[in-house]
Amino acid sequence: MKVVRVTVTPIAFRDPPLLNASGIHEPYALRSIIEVESDNGYVGLGESYGDAPALAIQQQLQQELIGLDPFKLNILRETVARVVARVTPASAAGAELAPGSHASKALSNAYSAFEVAFLDLQARSLNRPLVDMLGGALRTEVPFSAYLFFKYAEHIDSPYPPDAWGEAISEEQIVAQAKSMIDRYGFKSIKLKAGALEPEHEVSCVKALKRAFPQHQLRIDPNGNWSLATSLRMAKLLDGCLEYYEDPTPGLEGMSELHRQTGLPLATNMVVTDFDEFRRSVALNSVQIVLADHHYWGGLRDTQTLAAMCATFGLGVSMHSNSHLGISLMAMTHVAASVPNLSYACDTHYPWQEEDEEVIKGGKLPIVDGCVRITEAPGLGVELDHEQLGKLHEQFLSCGIRARNDVRQMQRYRPDWETVKPRY
Ligand SMILES: O=C([O-])C(=O)C[C@H](O)[C@@H](O)C(=O)[O-]
Ligand SMILES: [Mg+2]
């Protein structure tokens, strides 16, 4: 089997005005959709970052992958490394709010984007589900969490009508958001994206959630926007109501000190984003749970390696997300189904995406009892809807956004808004 065609299509889909430590989501989120076709007529799918730097590399790779054998993933990695070295200037290491957009992750991002499509192609050619290329499923239902955000009712100068979720700033509105999400999808755990408003208010929202959903596991994620002193103060106020405390304070040292003083389980997708940071985190005992994300951890197989390393060092594994569609959701679900020690419900932004903006046939995938199912269907188990792909590509061309910038978007609401980390 040989690759005969690779197509990378950038798309944009509507994204609500969700608040975070950097600012606010722009009206459209960017992704790329990858199709890899083989000489025997199969097409493997991938979904990845659609920001300009990531896209430039993916587009360079389109021609370079022609002729490769989809089973030879080591050759794929070498090929990607060669192209990345050619097109990316060496850049400083370090994680950002959207770690996938950081230039130091160029190789692992680009490799991951195509690895998923190659694995999908392998699986389709063998008429097996993709998870069988990863050693097979340990579970067929993968739990996800209700990912809550503070949000405005609508975007400034919105190019489209307001979403159905409405404003969520007060305790009551956050509890109502959780209720709608849980009623609709049956989630059993709740994550609140924090670092956006006053910490005391964010913590009182967690406590209101605890009162409203006493049986649910709770997490809060301020994205490193709280100083160590604030994180310690909030830990006292939170008073043991968390399943884990995600990235309250920046840096491996800060997280290490926070854990030393509180004993709370700390989780991260910010201070451990590659294997070098993993090693340093273990030395400092900075975090107890690592959030995997195949999009920047170097694909589905490296995610399994990460999980094995977590097992070796006695760390837990959870999963991070960014705004995404169904191809990513299924890739996340297949790898999660194969990881023995993924004992936490995974994050997903999927409920925030609109019904009419999916790129796969049949529309949005179901989430039932908080879980996404994998079936025996070949590959990822989803097919591309080319009409929808064309529509979302047109939206990419017309929306004017070429790289995610939550800071710049917030400056449209508040011209004095600056990047200050930690803000509180
Ligand atoms: O767990 C996280 O840090 C995230 O999900 C990062 C995302 O970029 C989130 O903050 C967002 O979508 O605003
Ligand atoms: Mg996080």
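Just so it is clear, glycine is given a Cβ too, placed from its N, Cα and C backbone atoms.
Record features, source TrEMBL:
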| type | residues | note |
| --- | --- | --- |
| ACT_SITE | Lys193 | active site, proton acceptor |
| ACT_SITE | His320 | active site, proton acceptor |
| DOMAIN | 171-265 | domain 'Mandelate racemase/muconate lactonizing enzyme C-terminal' |
To the nearest whole angstrom, state the Cα distance for the pair Lys193 (active site, proton acceptor) and His320 (active site, proton acceptor).
12
Averaged over the domain 'Mandelate racemase/muconate lactonizing enzyme C-terminal' (171-265), what pLDDT does the predicted model reach?
98
Which three-state DSSP class does His320 (active site, proton acceptor) fall into?
coil
Is it possible to get the count of other C-beta atoms within 10 angstroms of the C-beta of His320 (active site, proton acceptor)?
25
